[in-house]
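Trainee: If you look up TrEMBL, you'll see 21-42, 68-89, 101-124, 130-150, 157-176, 188-212, 219-238, 244-265 marked as transmembrane segment.
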Amino acid sequence: MDRFHQINPFAKRDSHTTTSITTYKVLSLLTWLLSVVTTVYYDTHAPTDGKYLGGSIWHQNYHHYSGFTQNAVITSIYFVVMFILQLIYTSHLFSSDATTVNAAASVSSHFILNNLLHFAWVMLFVRSHFVWSEIILIINFFNLSSLYFRHAAYTKFIHAGAVSWPLAWTFVAIYWNGAIMVPHQHSLVARIFANVFIWSLLGYGLFFIVLYKDYTMGFALSVLSASLGVAQFFRQIIAFQWIFAFTIMSVLFVATVLVAVPAWTGRDDFFGNRREPVGDAERAPLLADN
């Protein structure tokens with residue numbers, strides 16, 4: 001069992017060897033570049049190979065209209081911010097502070113796997129292999145969920161870049177990709193299912209905001225809900241989906257502010273009650289603030 005723990009890259013460790021940290025530095029940076037370059041390229045370019053008719057990411061998005069179609073501009077901005085946050089996370093591996101490096105290295109295996117799975121998803125999605133791309137998203141959802149619940153107490157820049165923003169995107173993408181995968185996206189049954197399942201975004205977001213005080217997850221999901229709402233509004237003004245999406249966005253954003261402001265100002269709650277200092281605020285768990 002000890003031997004398995006030693007060779008398992010996803011095992012939780014208090015410290016890392018110089019060799020493993022160097023490996024994490026190289027692989028984290030290379031896989032991040034692979035993820036970014038692939039996403040940027042296929043954002044506007046269609047694949048020229050493959051058995052099925054494909055298209056760019058946003059061609060697929062608008063060609064297969066569904067109840068979870070995203071707005072290209074807002075979601076593209078989300079991707080840009082997420083990639084910047086991921087680069088900031090990667091920079092922690094090159095820190096001169098050993099504690100910071102160990103914290104960043106502890107999530108590197110999951111981060112590297114996330115980058116590889118995101119690359120695989122893009123390659124499959126633009127080639128219209130929607131069933132396989134959905135499977136990739138589900139695998140990544142379990143990967144990032146495991147990371148979230150096993151490594152929740154790191155600094156906000158590590159958490160946002162490596163955990164919460166990729167996880168929020170993957171959760172929404174499962175519905176988006178899944179709606180495209182299912183035939184007859186325009187049918188009444190499909191619209192009803194979309195009207196029901198969209199509320200899972202609210203439940204999922206409130207779960208992390210209320211239980212873990214995770215304002216980064218709340219804000220990420222509110223942005224993606226806004227993207228969904230804008231796309232649905234321009235698709236069909238007389239419909240429930242965009243109203244639901246903007247309602248979810250509003251609730252998540254307000255809940256995020258109610259949690260974020262006290263965290264930033266060192267108070268227990270939004271109404272000004274100050275909490276006692278509990279040590280290094282930067283190293284304190286983002287999700288618990290204690």
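Note that Cβ sites are derived from N, Cα and C of the backbone, with glycine treated the same way.
The model shown is predicted, which means the values in this text are computed figures rather than measured ones.
Help me see these features in their spatial surroundings.
Mentor: If you look at the transmembrane segment (21-42), the same-chain residues 6 or more away from its ends with a CB under 8 A from one of its CBs are 56-57, 79, 83, 86-87, 90, 93-94, 101, 104-105, 108-109, 111-112, 115-116, 118-119, 122-123, 126.
Only residues 6 or more beyond the boundaries of the transmembrane segment (68-89), in the same chain, are considered here, and those with a CB under 8 A from a CB of the stretch are 32, 35-36, 39, 43, 58, 61-62, 104, 107, 111, 157-158, 160-162, 165-166, 169, 172, 175-176, 178-179, 194, 198, 220, 223-224, 226-228, 230-232, 234-235.
Sequence-distant contacts of the transmembrane segment (101-124) (same chain, six or more residues past either end, CB-CB distance under 8 Å): 9-10, 12-16, 20-21, 24, 27-28, 31-32, 34-35, 38-39, 42, 47, 57, 86, 89-90, 92-95, 130, 132-133, 136-137, 139-140, 143-144, 146-147, 151, 154-155, 158, 162-163, 166, 173, 177.
With a cut-off of 8 Å between Cβ atoms, the residues of this chain six or more beyond the transmembrane segment (130-150) that come close are 10, 12, 107, 110-111, 113-114, 117-118, 120-121, 124, 162-164, 166-167, 170-171, 173-174, 177-178, 180-181.
Tertiary neighbourhood of the transmembrane segment (219-238): same-chain residues 65, 67-71, 74-75, 78, 164-165, 168-169, 171-172, 198, 201, 204-205, 245-246, 248-249, 252-253, 256, 260, selected by CB-CB distance under 8 Å and a gap of 6+ residues from either end.
Sequence-distant contacts of the transmembrane segment (244-265), counting only residues of its own chain at least 6 positions beyond either end whose CB sits under 8 Å from a CB of the stretch, comprise 195, 198-199, 201-202, 205-206, 209-210, 213-215, 218-219, 221-223, 225-226, 228-229, 232, 286, 289.
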Trainee: Under an 8 Å Cβ to Cβ limit, what residues of the same chain, 6 or more beyond the ends of the transmembrane segment (188-212), are close to it?
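Mentor: For the transmembrane segment (188-212), the nonlocal Cβ contacts are 66-68, 152, 164, 171-172, 175, 179, 182, 218, 221-222, 224-225, 228, 239-241, 244-245, 248, 251-252, 255-256, 259, 287-288.
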